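Taken from TrEMBL as is:
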type: TRANSMEM; residues: A:33-56; note: transmembrane segment
type: TRANSMEM; residues: A:68-91; note: transmembrane segment
type: TRANSMEM; residues: A:97-114; note: transmembrane segment
type: TRANSMEM; residues: A:123-143; note: transmembrane segment
type: TRANSMEM; residues: A:155-183; note: transmembrane segment
type: TRANSMEM; residues: A:204-222; note: transmembrane segment
type: TRANSMEM; residues: A:234-257; note: transmembrane segment
type: TRANSMEM; residues: A:278-300; note: transmembrane segment
type: TRANSMEM; residues: A:332-357; note: transmembrane segment
Amino acid sequence: MSDFLRAEFLSPLPPPPARGKSWREKLFGDARATAITLGLLVAAGLLLPPAVRYLFIDAVWTAPDGALCRAPGAGACWAYVAAKLPFFIYGAYPQPWRVNTAFLLALVLIVWLLRPRAKYKNYALGGFFIGLPVVGFILLHGAPALGLPVVGTNLWGGALVSLIMALAGMTAALPGGVALALGRRSKLPALRWLCVGTIEFVRGAPLIAVLFMANVLLPLFLPPDWAPDRLLRPLFGIALFASAYMAEVVRGGLAAVPLGQSEAAAALGFSRWQGLRLIVLPQALGAVVPGIVNNFVALFKDTTLVAIVGLFDFLHAIETARLDPAWAGPQIALTGYIFAAAFYLGFCLAMSSYARALEGRLAEARR
Amino acid sequence: MNRRVALQALLLLLVAGVFVAAFLNARANLEARNMPTSFAFLWQTAGFGMNQSVIPYTPLDSYGRALLAGALNTLIVSVVASALATLVGFAVGFSRLSSHWGLSRLAALYVETLRNIPLLLHLLFWYIVLLTPLPAPEHSLSLGGVLLNNRGLYFPFPGLGWPLFDPARNAFNVEGGLRLAPEAAAMILGLTFYTASYIAEILRAGVQAVPRGQIEAASALGLSAAQTRRLVVLPQALRVALPPLISQYLALTKNSSLAAFIGFADLMQVSGTILNQTGAALQTLGVDMALYLGLSMLTLALMRRFERGSEWGAR
């Protein structure tokens, strides 16, 4: 019996390896890792210096016209971006201060709304959904009674149009999406099928087809003297498109709220509408914040497509500016694209990083 | 109960009213603008050319044939780009999951950058990058019977013969061979690299959805890391990833309508031209919608069948 018992203690085992590996182990731990690291370093060595040379060292920073940028060996043509920047931002809009004021107002309201612990958010909400559209319309379109001459939408362009499309699309998509999603869950078959039909019809179509329809068919279906403005038609198309996609996101959120929540609300004496507004919707929308923001990011990128119906959005303004004979050249066109990429990348990354922060905060609050 | 019926009847009446009003307006507007109201225009001569077509097409052919050629172009570009995007997306997705820090960061950079840039910009970029350095037909680059110039890439093809540049017959074009237009190549490249960034994330989500116990069990059974990946992780990951993957293919197909911006003759671009030439807006957009919606519904129906099948098989 005693044969099976250990007479003395074993020496303790070494501690398990620490969680994080060291840098050297991560990059040169074994033969495979070393090979990958070396391959990446070689690729970086081959690609980075020409990129830096193109973007900075060989770049043309100031020039009266495109001649310097067309010279062989010239890199990016930042002089072109500097010369055309007003056109990229305002299009042919004659009074930039009006656009700047509208931008500033929108920025203040958005920052106010997005700050986690800002006060009086109800006012900001009202300002964003009601005040901003009204003031923005008066400022940008003009009101002769207030001394602001009317500026036709044919002069609007650049980032102005892109941001109007994106903001109006987002403002319409959230309520529109919630309405469609609720309609889809309705107990009334007629309403349900109407909403399902709208959502699936719009989601099955490419945005370009929706824009074509809004541009060509909308004036056909309305009495001749009602024909909406050329900026309003694509706006309607974008709002419809964004609402249909938003409806699917909201539907996911609604499905994630346990049935007990609305039952508890009913037991506490909430009306159906109160229960929906105060109990179910906040939880449903909170659960799908990443989806909502992904939709907004997609919407912002999709605003580039309004060029198909002849609007001068930011990207189309860049495309048009490079046809100016004074600034024509392959490097100049490429510079325009790089600038546009930076513009869209900046906006989209800002949106998604805010969403990630918000998601973290919501998850913490739920715990 | 009666209230519900009344509400729905009111709703239906309202919708019917909107439709009737739209129909009456459309009829008056169409008449006032002298726009065609039947599909007879489909048999008229189109009169415009196409830079790429898989069926024989000349400007003397009908609008109907132009639409068919456009639809086939959409289909081919979508299928080719879907296949390539899957390859690139899986490569990026696996790199993202790699235990190598540099490789995984590089893949993350790819995903975060490329999918935050509008697809239109991708297409314009590839178009200018492909087209700028290419020579005119008379200075075509040639390699073993394959010719490359700014009109496209020419392959020999049975029935069409070898591509040949003959300045005596046509100073601007290559005769014979199968041609890939630069517009088509730009479409395929742009759609591939843009969609790959989404597919990479779908694959990553799929792999991460496989429970850790599965991998531990596989290694306890003595499977190597490569075997585990191929036989245990990937089959389960793909089952999770398949539905979003298919909606990504559908999105790609719909995104191929951006071809109009770089002048590739896909369904939407051809429709836009026809719409401008004939004014038959309702009919043309109706055909487009029927084709796009039909494709979506067919794919979704197939997917549902597959899902039911795999559910049954999993039991």
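In case you wondered, yes, glycine gets a Cβ from its N, Cα and C as well.
Note that the structure is a prediction, hence the values are computed from the model and not measured.
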Contact yes or no, the transmembrane segment (A:155-183) and the transmembrane segment (A:33-56), 3+ Cβ pairs under 8 Å, gap 6+: no
Listed stretch, out of A:33-56, A:68-91, A:278-300, A:332-357, that has the most CB pairs under 8 angstroms to the transmembrane segment (A:234-257): A:278-300
Positions on the same chain near the transmembrane segment (A:278-300), where near means CB under 8 A and six or more residues out: 162, 166, 169-170, 173-174, 178, 238, 242, 245-246, 249-250, 252-254, 256-257, 261-262, 264-265, 270, 344, 347-348, 351-352, 354-356, 358-359, 362, 366
Long-range neighbours of the transmembrane segment (A:68-91), counting only residues six or more past its ends (CB under 8 A): 53-62, 99, 155-161, 312, 314, 317-318, 321-322, 324, 327-329, 331-332, 334-336, 338-339
